[in-house]
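Visitor: Structure incoming, see below.
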Amino acid sequence: MDLESRKCWDTSKKDSWKTIMLLAYQSLGVVYGDLSISPLYVYTSTFAEDIEHSETNEEIFGALSFVFWTLTLVPLFKYVFVVLRADDNGEGGTFALYSLICRHAKVSLLPNRQHADEALSTYKMEEPPEKDTSRFKMVLEKYKGLHTVLLIVVLLGTCMVIGDGVLTPAISVFSAVSGLEVSMSKKHHQYAVIPITCFILVCLFALQHYGTHRVGFLFAPIVLAWLLCISTLGLYNIFKWNPHVYKALSPYYMFKFLKKTRISGWMSLGGILLCITGSEAMFADLGHFSYMAIQTAFTFLVYPALILAYMGQAAYLSHHHDSELQISFYVSVPESVRWPVLILAILASVVGSQAIISGTFSIINQSQSLGCFPRVKVVHTSDKIHGQVYIPEINWLLMILCIAVTIGFRDTKHMGNAS
């Protein structure tokens, strides 16, 4: 069996790379949609409280520095190089991680762990696994209270991902549609945003039954166009307004930001955290794609595009200190291309919502298989990739909750605080 598998790998190396690149392209539409649209609302939420954008630019440069290091440390270093390797037979997410821990230590409180599972997980090894005698494992197995704490943390993490599945589509689509305020009067804008947002959300959830495979191919070109758009706008704003904005990437500006803004600065860090919203989909959607595909797409396309987008916004704002100027994504977009960018942003926000919806389906499917969720109908939408699932009841429930959140909050700031 081993000889055959090696032989297959050698002959199909080109095909495997083709598959990885194809999956990386598809992952843009499913995994990275949410992460890629965060420039629409990060600076808006950060400066929504008591932080003011002053002539010294310490606030905007400090915010840029925080965004850069948050994006670098969490999605790039933590997820791409560490968390994605902790898969459970190709599946990702909170419960996959819990299953992996339970396989290596006797800490499971769930009734469906069988002795046969251990034998099955090690049958292909040439030598029996060495007995793990690490101190951490011994302590974890010894104290029953730690088993309960671990399961509670897993359930809490799962609930938060599902909660994100409600909030993210609402804030993403609402932020994109809010760009109409730049081109419409306040009176008309007030009555247009909520109905348009609700209509787009209904259309988004109606598409889900087609499955991740078809949706990925439909959505990937939109995210690719959006990433190229925001990176191009970023470069334009950097060279036109402030070519020296790269200096703000230094951690020293984070210190200056907190020193000047004090308690208000600490409160505004919730807005900074929104720059990594959707990064959990990289792990939750691992079953839909593969480790190499997700890693390739993020490292070589998504990460550089996001950094350029945030730098471009900061460069524009560093030369615009008008007190009446609202800090939003659209003010840094040149007026000649504002309408095309607005339409692309709305399309990208729809795609962005797809990432967390797919992740929610995956994590509910895993929790149901472990007996931690009520029985619901799970539809497998691909005959090639096991992890691609659609859950009708959850889909329509998420849609109702998203519309309720949109109508209830009616404001990016409040949705951002909830997130």
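Backbone N, Cα and C atoms are what each Cβ position is placed from, and that goes for glycine too.
Reproduced below are the annotations present in TrEMBL:
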type     : residues : note
TRANSMEM : 20-40    : transmembrane segment
DOMAIN   : 23-418   : domain 'K+ potassium transporter integral membrane'
TRANSMEM : 60-81    : transmembrane segment
TRANSMEM : 145-171  : transmembrane segment
TRANSMEM : 191-210  : transmembrane segment
TRANSMEM : 217-239  : transmembrane segment
TRANSMEM : 263-284  : transmembrane segment
TRANSMEM : 296-317  : transmembrane segment
TRANSMEM : 337-364  : transmembrane segment
TRANSMEM : 385-409  : transmembrane segment
Visitor: Between the stretches 20-40, 217-239, 263-284, 296-317, 337-364, which one has more Cβ pairs under 8 Å with the transmembrane segment (385-409) than any other?
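Guide: Between the stretches 20-40, 217-239, 263-284, 296-317, 337-364, 337-364 has the largest tally.
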Visitor: Is it true that the transmembrane segment (20-40) and the transmembrane segment (296-317) have 3 or more CB pairs under 8 Å, sequence gap of 6 or more?
Guide: yes
Visitor: Under an 8 Å Cβ to Cβ limit, what residues of the same chain, 6 or more beyond the ends of the transmembrane segment (60-81), are close to it?
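Guide: Counting only partners 6 or more residues beyond its ends, the transmembrane segment (60-81) has Cβ contacts under 8 Å with 35, 42-43, 46-47, 53, 245, 247-254, 256-258, 260-261, 265, 268-269, 272-273, 275-276, 279, 282-283, 294-295, 298-299, 303, 306-307, 310-311, 314, 317-318.
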Visitor: Can you find at least 3 Cβ pairs under 8 Å between the transmembrane segment (145-171) and the transmembrane segment (296-317), where each pair is 6 or more residues apart in sequence?
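Guide: When sequence-distant Cβ pairs are counted, the transmembrane segment (296-317) does not touch the transmembrane segment (145-171), since fewer than 3 lie under 8 Å.
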Visitor: Mind pulling out the one from 191-210, 217-239, 263-284, 296-317 with the most Cβ pairs under 8 angstroms to the transmembrane segment (337-364)?
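Guide: Answer is 217-239, with the largest number of Cβ pairs below 8 Å.
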